[in-house]
């Protein structure tokens, strides 16, 4: 019997809940192996597609899609409980309620997608045998377009939270070859099409596979094959010599990181790791990169001796240092103050006064801030006050900021979950209006210690891998507790440190130049394709329907 077939009232909700839970496992290779993520994602989503398309009404389709997504988000984002309860100090029932409330909101987007697709694709019209192939192809394309459109809306509504976009389940699948052209939203469209095509193979009326309904599945296989071929193409070319980097993972326990009594301990650990001499045969680093908020207080709250110690590290190693630090600055001629979550770069020649005032030449200010963690949305001060989260209410950085020029390479930094928003990374890779060339390397600094050693770390690494595929640029990630890694321009993890362990990762990273179609146009091609499919679906929906 099909998931949408007759049976006890509890059967279909149970199947959708189980499929949603399985779907949550497909976004990072933990606990499932990497090769299984894409098949699990497509099969699980096919259950939701079939159930929603066979629903008796659009309202019932919304409920079925919402239930599936509710279980997917609740399990896939369980690590938010760790942040709110273990480190935010929120009572366990309230932390659990927070995860469920967010999941319920996020699940509205897939639910609405299922409702829209069901409204555009009634289950039993135009069902004559000659028309079945056309109908299943149309239905699969329409369902996929609705799903991908709502994935995109989830990425932009209320600052956006596109975590667990289904495209990330396909980093190691043939569909990844489409990333340089269509980005994650285009991959989501193709993955949703594959799921809907699989759902179309199952004919609920007879319980048998109907060969007439295999056209959409055949198209899905062709798209996967084309993705594999596209994946063989090189979209960028090397520029300059490889850059030697040292990535530092301090592994400072989150419960201790912002404790004033333990501030010196954390600083000393990072100083020691940054000061380690190169191993035998290992070249000296051109740049040492430390994670987000290595200094857990504003830079002007530290004595000059702390900055003297860091300058001494740069002097002894004959290198430059980039570190995440919260900055308190007062722009020239301004009466107000700015507070930013930033990365600063310096070397042995940098005056201490520049470091204490936050006026170093190399600086990046985070532009996409975390709601409740880095700024307070209107009406939610009460919620933030319940959490023990320091360093809130930051100011935003500019959309395009200068790269860090190091040894012939240009590094574009991003902080925390900014690498989740692919279009916002693109201005730094493109040539500036002043003719300044775009970045050749991307670097993410983050502190995922808020989430413990959970799926969040592996999911974040998958997100970074897809950004490199979209842009054909390498990316390095320096994190507090993991996963510190180097990813090449094809999305392959070249080196990584185990999570939950202090250490340094010496890597040689080859900078790349040249723009992929996605790096040039961002989400526009994918959105245009989604829009055309929706327009075609709406136009077909107005035609007279056969009984």
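Just so you know, glycine gets a Cβ as well, placed from its N, Cα and C.
What Swiss-Prot lists as active site, proton acceptor is 292, and the listing cites sequence analysis. In this structure, residue 292 (active site, proton acceptor) belongs to neither helix nor strand by DSSP; it is coil.
In this view, residue 366 (active site) is surrounded by 25 other Cβ atoms within 10 Å of its Cβ, with every protein chain counted. Annotation source Swiss-Prot lists active site at 366, citing sequence analysis.
Feature annotation from Swiss-Prot assigns active site, nucleophile to 416. Its Cβ taken as reference, residue 416 (active site, nucleophile) is surrounded by 25 other Cβ atoms within 10 Å in the chains shown.
The domain 'CN hydrolase' annotation in Swiss-Prot covers 248-511. If you take every residue in the domain 'CN hydrolase' (248-511) and average the pLDDT, you get 90.
Here Swiss-Prot flags 31-51 (among others) as transmembrane segment. Long-range contacts of the transmembrane segment (31-51) within the same chain, counting only residues at least 6 positions beyond its ends with a Cβ under 8 Å from a Cβ of the stretch, are 2-4, 12, 15-16, 19-20, 22-23, 25, 64-65, 68-69, 72, 110, 114, 143, 166, 169-173, 175, 191-192, 194-196, 198-199, 202, 204.
Taken from Swiss-Prot, the feature transmembrane segment applies to 65-85 (among others), supported by sequence analysis.
Among the features that Swiss-Prot reports, transmembrane segment is placed at 89-109 (among others), with the record citing sequence analysis.
According to Swiss-Prot, the feature transmembrane segment maps to 144-164 (among others), an assignment based on sequence analysis.
Swiss-Prot lists 181-201 (among others) with the feature transmembrane segment.
What Swiss-Prot lists as transmembrane segment is 215-235 (among others). Under 8 Å from some Cβ of the transmembrane segment (215-235) lie the Cβ atoms of residues 133-134, 136-137, 139-141, 173-178, 180-181, 190, 193-194, 196-198, 200-201, 472, 514, 516, all in the same chain and six or more residues away from its ends.
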Distance from residue 366 (active site) back to residue 416 (active site, nucleophile), taken between C-alpha atoms, in Å: 9
Whole-number Å value for how far residue 292 (active site, proton acceptor) lies from residue 366 (active site) (Cα to Cα): 10
Cβ atoms near residue 292 (active site, proton acceptor) (within 10 Å, other residues, all chains): 24
